[in-house]
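Data block below; observations after.
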Amino acid sequence: MKFNNTYIKLAPIFYQHVLPTPVAKPKLLLWNDSLAKQLLIPSTLTQDSALLAQYFSGNQLPPGAESIALTYSGHQFGHFNPQLGDGRAHLIGEISDENAQQRDIQLKGSGPTPFSRQGDGRCAIGPAVREYIMSEAMFALGVPTSRCLAVVASGEPVYRGDAKPGAIVTRVAASHIRVGTFQYFASQGNLEALDELTQYAIARHYPTIKSSGAERVIAFLEQVIAKQITLITAWLRVGFIHGVMNTDNTAISGETIDFGPCAMMGVYHPGTVFSSIDRKGRYAFANQAPIAQWNMARLAEALLPLIDSDQDAAVAKVEPLIIAMSAQFQQAFNTMMAAKLGFEHTSDEVDALSTELLDLMQTHQLDYTLTFYHLGLIINSQATVALVAPLNDWVAKWQSALANASISASNAYELMQQNNPVVIPRNHHVEAVLAQYEQGAQSDIERFLSVLAHPYQHTQHTELYQDPAADGDQHYRTFCGT
Ligand SMILES: Nc1ncnc2c1ncn2[C@@H]1O[C@H](COP(=O)(O)OP(=O)(O)OP(=O)(O)O)[C@@H](O)[C@H]1O
Ligand SMILES: [Mg+2]
């Protein structure tokens, strides 16, 4: 592993040097071989699980690694917290992957840092394994996301109400720069650091931006916004609910980050919320696009001093970008829904069809993933699918719209197959696997992960994981990993 530690070359205010706290009995639980290959981790190391456990628990830093905790702020549920930062995570460096892309390697749950506040710096095994399952599932679903390389059991308890086994999860991300990182320097009035961060983020994530001065900052904002639209549209396509879209959980790279209280929607309802702390539904399924817009407004606000020293003039330059986001998102959403129905392009007719379908799904409490999957089977005439009766009229309209657009059944099916997963990481299956871990039992995780690695195909065990929760997830609740 060859580490490049570019973040450490930034000003000292960007991070704190701090080592992970060693744990009693590190044991490698999960290792992501295919990701390790992408990261060009040598097979001699990959085969040495004792050494991997040392490295990815934080007990020993790999050669060339340097451990830091990053500084950031964030709006949490709409309230600004000026001092967050990595309270239980250690960035140990960046690795250049097989495509020469820099990827951050970060341990999470690896002990306290100067940003820990009241926290213990630790992570329980359940949330660590959950992050692994969910991020790998999202990756396979084609959603931009951070990934997990390893989960190492610490051999030590963590106290979350009860004592739970502890673990350290290794996260791989394009970077860990968040909207909240910009907010930190903006709230300090540190324009030099704000500019340094912006130039660093552009060089790392948006190198095609060639302009300079204010134009460069505006182009950056524009591209971050575009990535957020792509990201949220992908979440909505697969039924993902992030659960805690605070600005400190919004990565500037456009990747999904922080799988704390996330969940998948079963029965379609735009107001679906599972997080126990999201009492007002701020981060409900269909609120995710307006919240991404709100978060981008916070990024724009942080960037204002780099755009014009006259604040009103700066606002006049960024406001149109934020306002335009609604229409851009709607367009992306319509195109995505059209693809789920087999249409390459949107039209008023197709938009009306998808709206009507979503309404029917809501009214009749239909499962989001299964409904699209069944529509695929119908168009492919593979099987007679018993849809609920109220959908029959809609299906007839849909089929005639496809015919009017001269789209063959096989073309429609192909597009639908690429956009409608056969299987998703359903909450009850994820929880069943996590419960096995917490009880120290033999786990079905390898089988589950192998199914989730091919979410658009039927594999040997896919059927075991397609079923919706018996209670329609009515009683399902998620918790932040703290
Ligand atoms: N057990 C803990 N000990 C110390 N700090 C914590 C702990 N849990 C969370 N924090 C800190 O609280 C803040 C918000 O937590 P949040 O749950 O969003 O993040 P996280 O899951 O720890 O990390 P990330 O966003 O990196 O995935 C962050 O600053 C985080 O580092
Ligand atoms: Mg977080």
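Placement of Cβ uses the backbone N, Cα and C atoms for every residue, glycine included.
Here is what TrEMBL records for this protein:
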type     : residues                                                            : note
ACT_SITE : Asp248                                                              : active site, proton acceptor
BINDING  : Gly85, Gly87, Arg88, Lys108, Asp120, Gly121, Arg171, Arg178, Asp258 : ATP binding site
BINDING  : Asn249, Asp258                                                      : Mg(2+) binding site
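Known features from TrEMBL, placed on the structure.
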residue	record	Cβ contacts under 8 Å, 6 or more apart
Gly85	ATP binding site	Gln16, Ala69, Leu70, Thr71, Tyr72, Thr113, Pro114, Phe115
Arg88	ATP binding site	Lys108, Gly109, Ser110, Gly111, Pro112, Thr113, Ser116, Gly119, Asp120, Gly121, Arg122, Cys123
Arg171	ATP binding site	Ala89, Asp104, Ile105, Gln106, Leu107, Lys108, Glu131, Ser135, Ser146, Arg147, Cys148, Leu149
Asp248	active site, proton acceptor	Tyr72, Ser73, Gly74, His75, Gln76, Asn81, Leu84, Arg178, Val179, Gly180
Asn249	Mg(2+) binding site	Gly74, Arg178, His242, Ile257, Asp258, Gly260
Q: Using CB under 6 Å from any atom of ligand 2, narrow the binding-site residues Gly85, Arg171, Asn249, Asp258 to the ones that qualify.
A: Asn249, Asp258
Q. Counting only other Cβ atoms and using a 10 Å cut-off, which of the binding-site residues Asp120, Asp258 scores lowest?
A. Asp120
Q: Could you list, ordered by sequence, which of these binding-site residues: Arg171, Asn249, Asp258, have a Cβ under 6 Å from ligand 1?
A: Asn249, Asp258
(Q) The record lists Gly85, Gly87, Arg88, Lys108, Asp120, Gly121, Arg171, Arg178, Asp258 as binding ATP. What's the largest Cα to Cα distance among them, in Å, rounded to a whole number? (A) 22
Q) Secondary structure at Asn249 (Mg(2+) binding site) (DSSP, helix/strand/coil)? A) helix
Q: Could you say whether, by DSSP, Arg88 (ATP binding site) belongs to a helix, a strand or a coil region?
A: coil
